[in-house]
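Here the structure comes first, spelled out in structure tokens, and everything after it is commentary.
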Amino acid sequence: MVSLGYTRDVFLWFIAAIYLMAFSSLYVQIPGLYGNKGILPARLVLNKEAKSWDDLLEGQPTLLMLTPKLGLDIELGMDLLCLTGIVISFIAMVFQTARDMVTFTILWMLVRHFCGSSETGFLSILVAPFNIQLPKKWKAAFYHHHDNILMWLVKWLLFRLMFASGVVKLTSRCPTWWGLTALTVHFESQVLLQLLIIITGNYNFFNLLTIALCISLLDDSFFCVQKARRTSSTGRLLNSLMSLVVYGYIGYQTWKLFSLKLITKPSFKIESKLEREFNAWLEKVVPWTVYMGAVSLGYEILTSLVRCFYVENSFIWKIWTGLQCVLFGAVAAGMFALSLVPHTVIHRSSQSIIPPQIPHSELDIATYNRIPQQVKDALNKVEPFQITNSYGLFRSMTGVGGRPEVVVEGSNYLDKDWKEYEFFYKPGNVSRAPPIVAPHQPRLDWQMWFAALGNYQHNTWFVNMAYRILSGQREVLELIQHNPFPDQPPKYLRAKLYHYHYTAKDKKNKWFSSKKWWVREEKAEYFPPINKDHHTLTDYLKHAKILPEVKVKSPTTYIGRIISWIRGQIGQPDGFIFVIIHEDFPIYNIELCSLEIEVLDEKMYVFEIYVGTDFTIRFIFGQLMFVNILLHLINLNYEIKNKSSAFVKNGPKET
């Protein structure tokens, strides 16, 4: 049987890389988002110091409650945790021995304070080996028999993610999903425009997490580390036939269930209609996924136990590895049981087969009351850690009538001269091409998209942002690409709701444009004009404890001064637009012409690659310490030699 030792290590490397991206992406946004003068100051929520273990574990446990003991305020505490996560995840990427249970436990504890719980992160703790530094002759093997059991949990998570993401789109009865027309608006309507999805969208590191989960479907033979046992020609033929039968049956049932119709005239499309049978089918299928999952896990545990006694030569090692399989099999069974609660959320009647963590109905209460008290206590204890979650992406397709976007404007007069604030990543300027920023997660731009789906009354942080802009708060303005009032903030601020559409190539189409990427239509006023000193705004800010402003004290401890110095060196970069593609870009006949490096200002470096005569890719980096060091070391004098005689201009050149 092919082992999973190398596959497990590749999976853990991916998780460490994603941790590094997550911590780095958040660190550069902390001052403007959660700093003492940011949009949502963290001090308003996390202002309690843990004086005992009970205080630390009460409610949602967070290590930020320990940072005051180091003489740090909440903002510096967040900086410390992020920097710690960056260092540990980088070490885990570089050194294989660092990819162990202790490392991933620390990373999971750090990330849950900022990004919420991470089920993948928690599973990586179980999957990671416990590397005890023993003498060479006593070192444990690279691969363990119970690795298959723990990697099964990753496969189970991948199945739940994919299954639920598809099911919720149909249970929502969204006509766009049922009509199979979602792709006509998907790319222009989703939040920030697996490999093809990454190219066409900016879902930060979510797609990378999905790719990491898919690694569990491989084994060491895929990476040519271990040869798989060659199957006979008869066996390969039977496998192929069985696959054809299964896929054919699934395809036929899908076509029949959804009443699919193929239409070729006047245009090619596939139609479907909502059938009541779908709910009946789902009611049968969800319990079967639970039963099949239980059987699959039992089979994995049993085969791992058999392998222990078949492969190991020493009787002691047979017993020792067998005990490990039993132990981790029990852990896997416990995780599987906990995951059933969120898994069956997709169909309510299926919840009767498992005990709900929080009873919501008479059926839930009746089921919940049958659970032994010890099990109830265990469920309640793990609930704050949220080590299992329910999934279901984009239940209803948004932006069918156009992508909603909020455009913020400022002026010194109520009736004229309104100027737009341009954000780094979200659509605003209709002539600007959508940038590719993944895996960076621009949280403000992300939330601006969600804000456009509702109103500012349900997004109170928007009011805080408006006040910070009217106050000319540097930390918040650095999260915005273009400030039309660089000398002093405007007297008034407002916001309008627009619907954005991609331009069309057909001149007869009403969205036609030969130069612009977007066309937009104004829909409504999103946020009324307001002045910084308006009593309504000041009353709200006092109620929200934004006012009066808190005077920030300089750190007095050695650790605090170091963290503050690092922040001063790195700052809050003005943006991470990794790639901008110019409007005209013939992909054919690509020939590298030149690479230029220039300095836009003290905080921004631009690397431009010119391909042919009409295609330009720009890599824009903020004031990052490693970029500064690199630019000083190489002095920008290296020459690139290739077929097209590409060169690097001496610089940097100030503009």
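Just so it is clear, glycine is given a Cβ too, placed from its N, Cα and C backbone atoms.
As stated in TrEMBL, the feature transmembrane segment covers range 107-129 out of the listed 107-129, 130-152, 153-175, 590-612. The transmembrane segment (107-129) makes no contact with the transmembrane segment (288-310): fewer than 3 of their CB pairs lie within 8 A, with pairs spaced 6 or more apart in sequence. Highlighted: of the candidate stretches 12-30, 237-255, 288-310, 288-310 has the greatest count of Cβ pairs under 8 Å to the transmembrane segment (322-341).
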